[in-house]
Amino acid sequence: MPSFKTFYSEDPPEGYSSNLGVDYVILYKVPENGSEKAEAEASYVQLIKQLTSIGLATEVRPGEPGTLLIFVKVASGQLFSDQVYRARLADWLHGVRATAPSQELSEAFRQERVTPAERLRLVHRMLVKPRNEGGAGITPGTGTWRFVDSLFPLHNHVLNRHWLQRFSTIYLLEAADLDEIRDELGEGVAYYFEFIQTYFVFLIFPAALGLGAWLLLGQFSWIYAAACSVWSVVFFEYWKQKEVDLAVRWGTRGVSKIQLDRSQFIFDREDVDPVTGEPVKVYSPFKRLGTQLLQIPFALACVVVLGGLIVTCNSLEIFINEVYDGPFKQYLGLLPTILLSGLTPTFSVILTAIATKLTNMENYQTETAHQAALIQKEFVLNFMTSYMAAFFTSFVYTPFGHVIAPFLTFWHNVASTMTMGNFQIKAHEFTVNPRRISDQMFFFTVTAQIISLATEVIVPYIKRKVFKTVKEYKYEKDAIQQQAAGEDDKFIARVQAEAELEVYDVNVDYREMVIQYGYLSLFSVAWPLAACCFLVNNWIELRSDALKITVGSRRPIPWRTDSIGPWVNALGFLSWLGSITSAAIVYLCSNSTSATGTAMPDMAENTTSATTPSLHGLDETGELTIRVSTVEHSSDFTAWGLLLMILLAEHLYLAMQILVRYVMSKLDSPGLQKERKERFQMKKRMLLSTATTLEASSGFSTAEDLSSAQPSLANATGGTSLKNGVPGIEESERIIRNELDKDIGRAERRGQKIPEEVFWHKHQTMAETIEAGRSLIMDMKSGATAEDTKKEL
């Protein structure tokens with residue numbers, strides 16, 4: 001992959017300026033075992049035949065040791081036009097598009113051009129769609145295609161360089177920038193950039209409010225808590241409307257209705273759709289509900305395992321840092337962090353595997369529904385690992401410090417047992433540290449964000465540099481020969497580099513932003529400067545994510561979507577919970593910093609004082625002793641008072657939500673205006689068409705003639721009649737041959753061939769591609785070097 005400096009150079013390096021017409025690259029693994037190699041060879045032949053049969057041209061080149069790179073593109077523009085027309089017609093029939101696509105394809109493409117994202121999406125659909133529906137049916141890593149490692153499109157490095165240069169010179173993305181991202185990377189990625197920018201703009205208000213609260217009001221301010229709750233309602237409701245507006249503007253509203261079925265979906269029976277009359281696959285919702293009930297013990301397991309681990313480590317950390325005064329204290333203080341860092345990922349991996357297994361058992365029909373269910377389960381894990389420590393400090397440690405006294409005694413006894421009673425363990429007097437929650441929030445909002453940025457961008461870049469250096473040292477001879485290689489070899493080297501990159505998952509970035517939003521909604525009342533830190537972080541995050549997508553990851557497959565998926569529900573949940581927790585934290589902790597800052601409320605009775613336990617080290621028996629002192633307060637609180645405060649905060653939140661929704665419903669948006677305009681124009685055209693028909697004839701067609709008036713693919717594509725859009729091997733070979741002849745004719749008129757023509761003319765028939773791939777596999781058997789193989793090809 002190119003370095004950062006490359007993106008600011010005037011000209012891209014050789015091999016990066018063009019994709020040579022390649023739509024997708026298939027990374028094909030060849031095993032070392034002899035018997036499996038024969039199976040891989042047979043699977044390769046079947047793969048090339050299957051790709052050719054659906055109208056895709058292929059080329060094969062050697063990749064890294066033990067791999068093949070199979071390059072794929074649509075054989076002709078006519079075949080691709082068929083796919084575009086079919087897809088847009090399906091969108092119209094399912095209500096995604098307001099108007100039907102024109103049968104005059106040249107006019108249709110002039111009115112609505114085919115974007116790179118649409119092209120890549122349709123070609124990917126051809127690759128993965130089941131064979132009985134006109135696709136190749138490729139499922140990487142499973143079944144017949146277990147030697148197919150992955151499918152991925154190639155980056156447009158010219159455009160990537162333009163993006164990074166522009167992102168580094170502007171403060172906010174404009175609508176044209178987001179449309180450009182959508183056109184190249186698809187709606188899934190464009191939604192993320194729109195979300196993070198909207199969130200960034202909205203953060204200006206809590207950042208300014210938090211700075212003012214920190215300077216004038218301090219921690220646990222009622223004013224800040226109320227304002228932050230109102231802000232979260234406005235942001236949440238605004239984003240829900242923004243989602244709809246973007247879906248209409250990008251033409252994806254309701255797109256979830258036409259998702260492809262998962263290959264792993266197992267249906268009970270086929271039924272007839274009462275509306276369309278088409279066969280549909282049916283899986284009993286009661287079976288799925290029975291499986292979904294297992295989420296209850298799963299959630300309890302998360303609470304017990306992760307919650308217990310975090311509480312245990314936090315109590316140990318309190319004992320070491322605030323009570324223990326023995327030897328090696330400076331080293332033992334790292335022990336809780338080491339335990340959390342080591343055990344939390346381990347337990348999370350185990351629980352994530354269980355969540356994945358449960359989601360597979362729920363047997364969802366589409367990939368969108370499957371991913372949504374998995375994300376909801378993972379959100380439970382993220383909620384526990386991210387917020388449990390702050391909940392413990394806010395609701396246990398700060399207001400009720402005496403509750404953790406048994407834990408401190410337990411850890412003292414553990415320490416005494418481990419020292420075998422050889423020396424007396426010293427202990428400080430224990431008092432609650434009112435700054436603990438502020439210190440935790442500082443870590444979550446500053447330190448953790450810096451670590452996240454480093455692990456997302458900097459560490460992967462260093463790893464790639466190190467691995468590249470090791471590989472060049474290991475294959476020094478090949479590297480020297482590659483320097484003198486032609487454009488084709490440099491292009492192959494670039495593809496090999498992209499194949500080694502990680503797959504980009506937009507849900508990882510959504511998860512990071514939603515967890516951040518949770519800290520702001522739930523606990524920023526304890527440290528009002530949190531929003532200021534998030535504001536700075538997100539300005540950097542938007543640009544680092546662009547860098548991660550363009551440099552550190554494979555080009556994402558341009559999925560279509562009409563929302564941010566289940567993450568919008570997570571935002572709503574955190575907004576609601578934040579209104580409750582903020583009110584409770586203020587109620588419990590606003591007096592905890594008065595006097596000496598160690599007041600501990602006693603909820604057993606309504607008094608005007610609060611009890612404060614203090615651990616005074618050891619008595620004559622070597623046990624920790626607890627003395628309860630009394631600190632006077634100007635106010636008191638009780639359990640019913642806390643409950644009343646929570647109910648009041650929740651009802652105020654719901655009332656504010658109703659008000660904001662009502663106001664939002666009265667505001668119009670460009671997207672909804674566009675939708676109404678398109679539907680009105682469609683009705684107007686139908687009315688004019690009907691009037692013209694009535695004037696030109698004495699009657700009009702009946703319902704029986706409707707089928708003959710429907711758009712015909714044969715008419716729309718110049719008379720090409722295809723079964724399920726699949727031309728077959730013989731027809732594809734003829735189409736490919738015609739395209740090659742056209743290329744040769746154009747090259748003769750120019751007097752030379754362009755690099756793209758040279759690349760795709762290497763193997764001019766399916767048989768040549770198959771034979772080239774088999775030769776590569778056989779050479780891998782005999783141990784031939786990659787350089788010898790290149791010379792033979």
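Placement of Cβ uses the backbone N, Cα and C atoms for every residue, glycine included.
Here TrEMBL flags 21-148 as domain 'Anoctamin alpha-beta plait'.
Annotated domain 'Anoctamin transmembrane' per TrEMBL: 181-678, in sequence order.
Same-chain residues lying 6 or more positions outside the transmembrane segment (199-216) and placing a CB less than 8 Å from one of its CB atoms are 172, 223-224, 227-228, 231, 234-235, 238, 513, 517, 520, 524, 528-532, 534-535, 538-539, 542. The transmembrane segment feature in TrEMBL is assigned to 199-216 (among others).
Same-chain neighbours of the transmembrane segment (293-311): 339-340, 343-344, 347-348, 351, 354-355, 358, 361, 377, 380-381, 384-385, 388-389, 392, counting only residues six or more beyond its ends whose CB sits under 8 Å from a CB of the stretch. Among the features that TrEMBL reports, transmembrane segment is placed at 293-311 (among others).
Feature annotation from TrEMBL assigns transmembrane segment to 331-358 (among others). Same-chain residues lying 6 or more positions outside the transmembrane segment (331-358) and placing a CB less than 8 Å from one of its CB atoms are 291, 294-295, 298, 301-302, 305-306, 309-310, 313-314, 316-317, 320-321, 324, 374, 377-378, 381, 385.
Sequence-remote contacts of a segment are chain residues at least 6 beyond its ends whose Cβ falls under 8 Å from one of its Cβ atoms, and for the transmembrane segment (379-397) they are 298-299, 302-303, 306-307, 310-311, 314, 318, 344, 348, 351-352, 355, 403-404, 432, 436-437, 440-441, 444, 511, 514-515, 518-519, 522-523, 526, 566, 570, 581, 584-585, 588-589. Summarising the annotation, TrEMBL assigns transmembrane segment to 379-397 (among others).
Per TrEMBL, the feature transmembrane segment maps to 442-462 (among others). Counting same-chain residues at least six beyond the ends of the transmembrane segment (442-462), those with a Cβ under 8 angstroms from any Cβ of the stretch are 386, 390, 502, 512, 516, 519, 523, 527, 529-530, 533-534, 537, 540-541, 544-545, 547-548, 551-552.
Per TrEMBL, the feature transmembrane segment maps to 517-540 (among others).
Per TrEMBL, the feature transmembrane segment maps to 564-588 (among others).
Summarising the annotation, TrEMBL assigns transmembrane segment to 637-656 (among others).
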Ask   = How does the model score the domain 'Anoctamin alpha-beta plait' (21-148) in terms of mean pLDDT?
value = 87
Request  = Count up the helix, strand and coil residues in the domain 'Anoctamin alpha-beta plait' (21-148) according to DSSP, in that order.
outcome  = 63 helix, 22 strand, 43 coil
